[in-house]
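Heads up: the structure comes next, in structure tokens.
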Amino acid sequence: MKLFNQLRWFFVREWKRYLGAILLLIIIATLQLLPPKIVGVLIDLIIKKNMHGVQILPWILIIFLVAVIVYILRYLWRILLFGASYQLATELRVKFYTYLSQQSQIFFLKNRTGDLIARATNDVDRVVFAAGEGVLTLVDSLVMGFSVLIVMSTQISFLLTIISLIPMPIMAILIKKYGKELHETFRHAQISFSLLNNQTQEILTSIRMIRAFGLEKNQSNKFNIITRNTGKKNMEVAKIDARFDPVIYLSVAFSNLLAIIGGGWLVWNNQISIGQLTSFIMYLGLMIWPMLALAWMFNIVERGSAAWDRIHSIINKKLYIEDGKNNIPPYPGILNINIKKFYYPNNQKPSLKDIRILIKPGNTLGICGPTGSGKSTLLMLIQRQFNFKKEEIHYHSLSLLEIKIDDWRRRIAVVNQTSFLFSDTISNNISLGKPNASQKEIEEVAKLADVHKDIIDLPERYETQVGERGVMLSGGQKQRVCIARALLLNAEILILDDALSAVDAQTENNILKNINEWKKKKHSLIITTHRLSALINSDEIIVIKSGSIIQRGNHLKLIQEKNWYKSMYYYQQSEIELEDNEKTGEKNL
């Protein structure tokens with residue numbers, strides 16, 4: 001029942017629908033009390049020979065009309081009640097998605113995709129079912145049950161009613177006990193379902209790697225274990241679920257037995273008539289549904305409550321990244337970075353320390369360094385993926401923490417290390433951030449990203465479907481489509497996080513040349529790369545090692561000093577020369 005209190009905000013808002021449904025249920029319950037009463041009266045009249053066959057027909061017609069009216073009214077209350085519950089499903093999923101879209105990187109490191117999908121689908125369905133069928137069964141069982149009890153006790157026999165209800169307290173105690181067991185067992189079953197979702201998602205997204213390494217059997221065994229465990233958990237739920245109906249039917253059977261014995265004694269002593277006893281037995285039959293409904297309601301609500309706890313545990317968490325209140329002036333500004341120390345959550349060792357950078361509009365900053373040195377961490381801080389101290393990063397003399405996140409992210413365009421494309425056309429993937437872009441604009445940025453020629457060679461050109469995660473394109477093509485997508489945003493700051501790793505040196509040179517022409521003193525460029533040739537034209541290059549800047553300057557300055565940059569640059573150049581010599585030798589052969 002706690003769930004209904006937790007959803008009170010929705011019930012209060014949709015009170016008209018729920019009130020309408022409840023009123024219709026009361027009318028239905030009242031109408032359903034008529035047939036047993038009519039049957040009892042008819043039996044007494046027939047026994048007394050005060051009624052003939054033809055006189056019965058109008059009463060039968062009344063019973064038929066009652067059934068038709070009840071059918072129509074049930075249709076109407078279902079529209080009212082389930083219309084409201086479906087609205088709840090929409091709102092919960094939108095709320096869940098909105099919350100996820102506002103979360104930072106750290107949230108998704110702690111919560112797996114499959115589990116989040118399970119909460120947004122299966123758990124929401126359970127909550128909605130409780131808000132629909134749960135409310136229905138609660139109201140229907142209470143209204144019908146109390147109506148029947150009142151008629152039985154006032155119109156027939158109060159004593160017989162008390163005798164017949166002797167098994168009910170025992171049934172109520174057992175149902176409450178099973179309900180508590182069901183809540184905990186169902187919660188474990190949902191956790192197991194989340195694990196199954198996680199495993200399925202991992203297998204489907206990494207199917208190429210699984211096949212490449214011949215891990216099909218290994219992954220199949222792991223999936224089989226998780227599937228069996230999920231089935232086992234659901235079987236435990238089913239076993240508890242299966243206890244409800246037998247308890248109810250045994251209680252009803254025992255109530256009928258007591259009613260027949262007690263009713264027979266009352267008829268023998270002329271305290272009630274045979275017709276009244278018949279009506280009483282029919283009313284007792286009407287009590288089967290309220291009791292079943294009450295047990296079913298406990299079942300539904302306990303499942304819904306367990307599901308709500310799982311949903312609420314996500315959406316009730318405080319956002320790790322809090323939004324600012326200020327808007328940015330509508331023109332490019334200076335990005336000032338002064339990070340003394342940055343620690344990842346629950347990490348004692350600083351990932352960045354003493355990082356001081358000034359990026360003016362139109363400037364290019366190159367970032368390089370060994371793997372794991374902190375380059376991507378710095379870029380994530382610029383994107384506000386993690387929290388930092390108020391004074392550490394400023395834009396337009398405003399701390400990034402004071403700027404509205406949406407406004408800031410509209411000013412930056414990011415191409416990450418891992419290229420991500422949606423299962424859509426190339427055109428729609430490029431125009432993702434600017435849906436109203438013209439075909440001319442799309443083609444212009446594709447040319448800047450040096451991918452236009454590749455696209456027009458495809459059968460359907462820009463309308464080619466790229467498949468799941470861009471599976472129909474090569475790694476280099478995916479990177480270039482992502483670069484085109486970022487360029488179309490025309491953002492003040494363009495960030496390329498090792499976004500040219502899958503293209504050859506000539507293509508890289510073409511793209512950087514086009515980007516340098518595109519930015520023309522209006523846009524800033526931040527580029528991280530392991531291929532140092534991409535940084536030659538940067539206004540400033542910083543070398544990060546173990547989270548600190550160990551060298552800085554432009555390309556000409558850094559190659560004149562004995563340092564990491566110089567040795568790595570000439571090492572890479574020698575590799576390129578060696579590859580060129582090998583290609584030349586192959587041609588001569």
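From the backbone N, Cα and C atoms, a Cβ is placed for every residue, glycine too.
As recorded in Swiss-Prot, the features of this protein are as follows:
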- 18-303: domain 'ABC transmembrane type-1' (DOMAIN)
- 23-43: transmembrane segment (TRANSMEM)
- 53-73: transmembrane segment (TRANSMEM)
- 134-154: transmembrane segment (TRANSMEM)
- 155-175: transmembrane segment (TRANSMEM)
- 247-267: transmembrane segment (TRANSMEM)
- 280-300: transmembrane segment (TRANSMEM)
- 334-571: domain 'ABC transporter' (DOMAIN)
- Gly369, Pro370, Thr371, Gly372, Ser373, Gly374, Lys375, Ser376: ATP binding site (BINDING)
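Shown on the structure are the features that Swiss-Prot records.
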{"residue": "Gly369", "record": "ATP binding site", "CB count, 10 Å": "23"}
{"residue": "Pro370", "record": "ATP binding site", "CB count, 10 Å": "14"}
{"residue": "Thr371", "record": "ATP binding site", "CB count, 10 Å": "6"}
{"residue": "Gly372", "record": "ATP binding site", "CB count, 10 Å": "12"}
{"residue": "Ser373", "record": "ATP binding site", "CB count, 10 Å": "22"}
{"residue": "Gly374", "record": "ATP binding site", "CB count, 10 Å": "24"}
{"residue": "Lys375", "record": "ATP binding site", "CB count, 10 Å": "24"}
{"residue": "Ser376", "record": "ATP binding site", "CB count, 10 Å": "17"}
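Long-range contacts of the transmembrane segment (23-43) within the same chain, counting only residues at least 6 positions beyond its ends with a Cβ under 8 Å from a Cβ of the stretch, are 51, 56, 59, 62-63, 66, 69-70, 73-74, 76-77, 80, 136, 139-140, 143-144, 147-148, 151, 155, 273-276, 278-280, 282-283, 286. Averaged over the domain 'ABC transporter' (334-571), the predicted model reaches a pLDDT of 84. When each of 53-73, 134-154, 155-175, 247-267 is checked for Cβ pairs under 8 Å to the transmembrane segment (280-300), 134-154 comes out on top.
Through the fold, the transmembrane segment (155-175) approaches residues 37, 149, 243-244, 247-248, 250-251, 254-256, 258-259, 262-263, 266, 271-272, 276, 279-280, 283-284, 291, 294-295, 298 of its own chain, all at least 6 residues removed from its boundaries and within a Cβ separation under 8 Å.
Other than Gly369, Pro370, Thr371, Gly372, Ser373, Gly374, Lys375, Ser376, the residues of this chain whose Cβ falls within 8 Å of the Cβ centroid of the ATP site are, in sequence order, Ile544, Lys545.
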